[in-house]
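The block underneath contains the structure these notes are about, expressed in structure tokens.
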Amino acid sequence: MPGYLPPEKRSPLQQLGDILWGVYTQLRTIVMIFSHTFRKRDVIPYPEVKPYMPPRYRGRIVLTRDPDGDERCVACNLCAVACPVGCISLQKTERPEDGRWYPEWFRINFSRCIFCGLCEEACPTTAIQLTPDYELAEYKRQSLVYEKEDLLISGTGKYPDYNFYRVAGMSIEGKPKGAAEKESAPVDIKSLLP
Amino acid sequence: MLDWFNAHPHLVDSLIESVKAIVVLLVTVVVAAWMIWLERRLLGLWQDRYGPNRVGPFGLGQVIADMIKIFFKEDWIPPFVDKLTFIVAPAIAMGLMLLMFALVPVTPTWGVAHINVGLLVFLALAGLEVYAVMLGGWASNSKYSLLGGLRVTAQTVSYEVFMGISLMGIVMLAGSFDLRHIVEYQAANGWNIIPQFFGFCAFVTAAIAVVHRTPFDLPEAESELAAGFHTEYSGMKFGMFFVGEYVGIVLVSAITTVLFFGGWSGPGVESHAWLAFPWFAFKCLCFMSGFILLRASLPRPRYDQMMAAGWKVCLPLSLINLLGTAAVVVAGAHGA
Ligand code: SF4
Ligand code: SF4
């Protein structure tokens, strides 16, 4: 600071001014703090009043179903690979009637999950989704390991119209190759006809 | 039974007085305990949050919950401390505060001790207060505690002098060291806050320093000394230091009320004697809230700043106040 003098080098008048200024600033602080008596509180009394959570909030993870009510998850394991903490594990199996893949069991350990949402990003079928529910507290750590029954919901979640098997080329019983939406019929490489 | 009472009127009187004394001191301790709740709620209010509001109505039960908790905590004495001093220090802290409260004239008829040099006794006991903290810090045998104890001595030498001097103006005006007399003088001649404004400023500064409240909580400065002099304390001994501090706030509020704001006097007290206590309690409550407001707003000064403020600002201020009051009193005496 140009022209600044340490207190002991200032003239007595300046020192008196310093003191008065100091007293003034302290009183001003007190008045300002007191004015907070009439201010709206910044916090909400939580369990009674719940905060608003935007729909894309990353909370409790669910497994959704497609519009037809079938499980969306095809047990591709991409979420388990993407998960940075490795808290997803699942086992693939096949439905005998149409050959659709689905997880035999699906397990998320929420005591490890960091709610990063990478599993949701990785999922090709929009099966795994994060929801705005954040109230996951449990008394026992073991209760935080969610099985498939706990994860699977009956609705479609954030993507109401998406149905993986209808748009993907994977053939299942009742939907041969080329029958998916916007999919052209497979090319017969053995034929010479155009 | 009744005959016996009639035969010993003095005994009955002293019995009544003892009961009164116990009631006053008990109420003080209870009020001090609830003040912890008041402080937390008010700090919450001024920081735009709620503070404890769960246990009981408005969170009033929080104090009881805290008390139960602190009673059940292990009362641990570290092996390296000086045992006797370590145990005695919190008792001194709390005991002295209560002893000082004994001097406060609560209403015309209530009050524990009526001493005609009450103000002097108050100053003397306030001087002794430093021992609790000093001994606690020293007996703890840990560097943080010792630093806290050292600081309290340094703090004491800076405020003790001008605290006494700042009150002498009142003594001159009222012509007495008797706290009751001072209140009666104010009831007749108006509150001391107006003629003794500078004395009031200096005294409040000193009063905060006596009870080690923020901004003058140098001995316990959490951010730099862990908890200062009571770092090594736990359980009920810590609780006694803690409640002692709050008794201290109630005490200095009461003393400020008595010395500068007319004690129990107020509109309507002459005709309705029962109004005396509500007035006293209301004034005390205002000061207690005021001290909390100070804690909410002011940062802790540096060690040397505190001393400089004491010696270079407050001491001259109270001396000028003393001389001015003396001049006015002498002029008045000559004029009459
Ligand atoms: S949100 Fe992140 S941490 Fe949690 S399961 Fe998905 S990928 Fe793993
Ligand atoms: S949830 Fe999605 S990414 Fe994970 S296995 Fe099922 S389909 Fe694959």
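Cβ from N, Cα, C; glycine included.
The transmembrane segment annotation in TrEMBL covers B:20-38, B:84-106, B:112-136, B:157-177, B:193-211, B:238-261, B:273-294, B:314-333.
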Remote residues contacting the transmembrane segment (B:20-38) - C-beta distance under 8 A, at least 6 residues beyond either end: 52, 59-60, 62-63, 66-67, 98, 101-102, 106, 110-113, 242-243, 246-247, 249-251, 288-289, 292
Tertiary contacts of the transmembrane segment (B:112-136), as residues 6+ beyond its ends and Cβ separation under 8 Å: 20-21, 24-25, 85-86, 88-90, 92-93, 96-97, 99-105, 145, 148-149, 152-153, 156, 160, 163-164, 167, 170-171, 176-182, 210, 212, 219, 229-230, 233, 241, 244, 248, 255, 259
The transmembrane segment (B:314-333) versus listed stretches B:84-106, B:157-177, B:193-211, B:238-261: most Cβ pairs under 8 Å: B:157-177
Ranked first among B:157-177, B:193-211, B:238-261 for CB pairs under 8 angstroms with the transmembrane segment (B:84-106): B:238-261
